[in-house]
Amino acid sequence: MNRIQRVSSWLKEAGHTAAFIHTKENVFYLTGFYTEPHERLMGLFIFQEEEPFFVCPGMEAGQARNAGWNHEIIGYADHENPWELIEKALKKRNISIHMLAVEKDSISLSRAEQLKHATGGAQFVSAEETLNQFRLIKDDNEIRLLKEAAKLADYGVEVGTAALREGISEVEVLAQIEYELKKKGIQGMSFSTMVLFGEKSGQPHGNPGTATLKKGDFVLFDLGVILDGYCSDITRTFAYKTINPKQEAIYETVLQAEKAAIEASKPGVRIGDLDLTARGIIEKAGYGDYFPHRLGHGLGISVHEYPSMSQANDTLLQEGMVYTIEPGIYVPEIGGVRIEDDVHVTKDGAVALTQYPKDLIIL
């Protein structure tokens, strides 16, 4: 059963007439076509029995076909109203939609209103939970792509460390990393690259700028790539030239927490218990107040996807899941340490896809 058939089967079981899928990530998952439509409408209609159809800007219809979509494509010009074309397509097929599964968390109010009109007042139900479950367990090809993306993330850290010299700015190092990764053929970075020096490393989502590197700084890299539609995400922290005892204690605590959470990752383990494992180590060391975020997040087509690796999550790990483990400690006036790996759950336990060394390195 292919992915479209799987959605059709779910619609039939749930009693929903159809699904309208519009996010670029889920469109890619179901069609193999990856694009950024910006403000233009892109959407996929899937039914219980009828043939699906795909609506997209006409200038991208050929790319969708080349990506492997072998069902109908309704391409539209910029002067045309795609909602009118959708309404005509449904009427032509004599399809009356009563219950329509949509990505309710991401569709705008304006588009929801236009979709409701085009479908003759269909009642909306959520498609997110089901699509998240479909994407949760990665197949062999997805694991292969995630491994390749992880290797390139490792390479990005390698480039970053090689670029370091006293007085260089965060943005100069960032530019070198992204330039070298682009030369490797990536689609793009999976999120805004972070290169943070000194006290700025203590900002969990800091913005690189003109801060320059000096002796005794922590250097934090957080980066990832998109390769053939799949993402990676790695964080490594280094000391530059020297390290004081407090910095070293922080680093070793984070490293111990990260390793323990990876070791605990096995099928059947509650996700929340991974967070609690890492958090317990950090709290015991006296830094509990300085670990302000969850342990990690799901990883795949999106750099942040289901599941959330928080202590409140009762979901049990399954073979084929991929997610990040990224504990951190962030202390004002000292800086921060975060260590992050992409983790694949196998029947025997967890395998880290990112492989860059993570024992303390003084550069």
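Cβ coordinates come from backbone N, Cα and C, glycine included.
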Site co-member for Mn(2+) 1 according to Swiss-Prot, given Asp233, Glu326, Glu340, out of His205, His297: His297
Swiss-Prot Mn(2+) 2 site partner of Asp233, Glu340, selected from Asp222, Asp348: Asp222
Per DSSP, three-state class assigned to Glu326 (Mn(2+) 1 binding site): coil
List of residues, in chain order, with Cβ under 8 A from that of Glu340 (Mn(2+) 2 binding site) and at least 6 apart: Asp222, Asp233, Ile234, Thr235, Arg236, Glu258, Gly296, Thr324, Ile325, Glu326, Thr354
For Glu326 (Mn(2+) 1 binding site), the number of other Cβ atoms found within 10 Å of its own Cβ: 25
Residues flanking the Mn(2+) 1 site, with Cβ no more than 8 Å from the Cβ centroid of Asp233, His297, Glu326, Glu340 and excluding those residues themselves: Asp222, Ile234, Thr235, Gly296, Leu299, Tyr323, Thr324, Ile325, Asp341, Asp342
Those residues of the chain, 6+ apart, with a Cβ under 8 Å from that of His297 (Mn(2+) 1 binding site): His304, Glu305, Pro307, Ser308, Met309, Tyr323, Thr324
8 Å Cβ shell about Asp222, Asp233, Glu340 centroid, Mn(2+) 2 site members excluded: Ala153, Leu223, Gly224, Ile234, Thr235, Thr324, Glu326, Arg338
